[in-house]
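Chemist: Grabbed the feature section from TrEMBL, which reads as follows:
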type: DOMAIN; residues: 40-280; note: domain 'Rhodopsin'
type: TRANSMEM; residues: 22-43; note: transmembrane segment
type: TRANSMEM; residues: 55-79; note: transmembrane segment
type: TRANSMEM; residues: 99-124; note: transmembrane segment
type: TRANSMEM; residues: 136-159; note: transmembrane segment
type: TRANSMEM; residues: 187-206; note: transmembrane segment
type: TRANSMEM; residues: 218-238; note: transmembrane segment
type: TRANSMEM; residues: 250-275; note: transmembrane segment
Amino acid sequence: AATAPAGYDVDFNNPKTKHNGAGIIISILGMVLSTLFILLRVYTKTFLASTSTFGIDDIAMVLAWLLSIGLQIMVVYLWSIPSIGIHMFEAYLPVVNKAVLLISVCSILYIPLMALAKFSLLFFYRRLSMDTWFRWAVYGTMVFVIGYSVALFFGLLFACTPLKMNWDITITDGHCANKGKMYLSTAGFNAATDVILLVMPIPMVLKLHVPVRQKIGLLAMFTIGSLTLITSLVRLALLPPMVSATDVTWAISTPAIWICIEANLVIICGCLPILRLFFRHVAPRLIGESS
């Protein structure tokens, strides 16, 4: 457990905080934007799409959005109490336990959130081409996402014996698997699949018989998806100091901001291909008529 450095004036009633206000603002703004994109997606597929209906890719993205909102509500709550972004030595035991509990829940929810968002995009990719190699690449990526997501989900869920040890730091009679390695694995696998999802559609776009301007626009749209890769890499870089820290409630505040950014960007970027139809109605000359 973390101990206060010599000469530090510990104040349980008014503890020093780290990025809590910024984290709350960033998360709320992100939730508003991701909700707007989801609503536009639902509207587009329901009222504007003439040849496609609300499909499994849309359902997967809506479920991912619900998990994203739920995860961020918990993180914002922890910042607002505050229960994270404060030093452990300035927090009462129930506050620390609450932080550990909700951090564990968020870590577990994050896995299906990212998996569903990636599946939504993969189901969309499946419609891009009938080429055998491309479809096998899509299905192979799906299997890969399922494999590591299931392994990490249950690994984190049952990391400790007894189970209550996951969130109760007063329990010492038991043992836990190395959660830090699982957090790093989650970030690493997500970054790897972000690279795959970024590169995969490029050959299909280059083969399209459309004006160069439209090809550039499509490639730019997929390139925007690289923002999720950037957030994954940033979070991966921030995780090692966090998982080795003894002052966990303090150390987690900055990575938590990037988790919220990523949770919103994965929804926003995942909606962009579908929203091309919406923007085609708004600016048809710019977007073009190719499907």
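Note: Cβ is positioned from N, Cα and C throughout, glycine not excepted.
Burial and contacts for the listed features, if you can.
Modeler: Within its own chain, the transmembrane segment (22-43) has Cβ neighbours under 8 Å at 54, 58, 61-62, 65, 68-69, 72, 75-76, 79-80, 85, 253, 256-257, 260-261, 263-265, 267-268, 271, 274-275, 278, counting only residues six or more beyond its boundaries.
When Cβ-Cβ distances below 8 Å are used as the criterion, the transmembrane segment (55-79) is approached by residues 20, 23-24, 27-28, 30-31, 34-35, 38, 41-42, 45, 85, 98-99, 102-103, 105-106, 109-110, 112-114, 116-117, 119-121, 123-124, 253, 256, 259-260, 263-264, 266-267, 270-271, 274 of the same chain, each at least six residues removed from its ends.
Beyond the ends of the transmembrane segment (187-206), by six or more residues, the same chain brings 114, 118, 121-122, 125, 128-129, 131, 134, 137-138, 141, 144-145, 148, 152, 215, 218-219, 222-223, 225-226, 228-229, 232-233, 235-236, 239 to within a C-beta distance below 8 angstroms of the stretch.
Beyond the transmembrane segment (218-238), the same-chain residues lying 6 or more positions past its ends with a Cβ under 8 Å from any Cβ of the stretch are 184, 187-188, 190-191, 194-195, 197-198, 201-202, 205, 208, 210, 254-255, 258-259, 261-262, 265-266, 269-270, 272-273, 276.
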Chemist: In terms of Cβ proximity under 8 Å, which residues at least six beyond the ends of the transmembrane segment (136-159) contact it?
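Modeler: For the transmembrane segment (136-159), the sequence-distant neighbours (Cβ-Cβ under 8 Å, at least 6 residues beyond its ends) are 104, 107-108, 111-112, 114-115, 118-119, 122, 125-126, 166, 176-177, 179, 182, 185-186, 189, 193, 196-197, 200.
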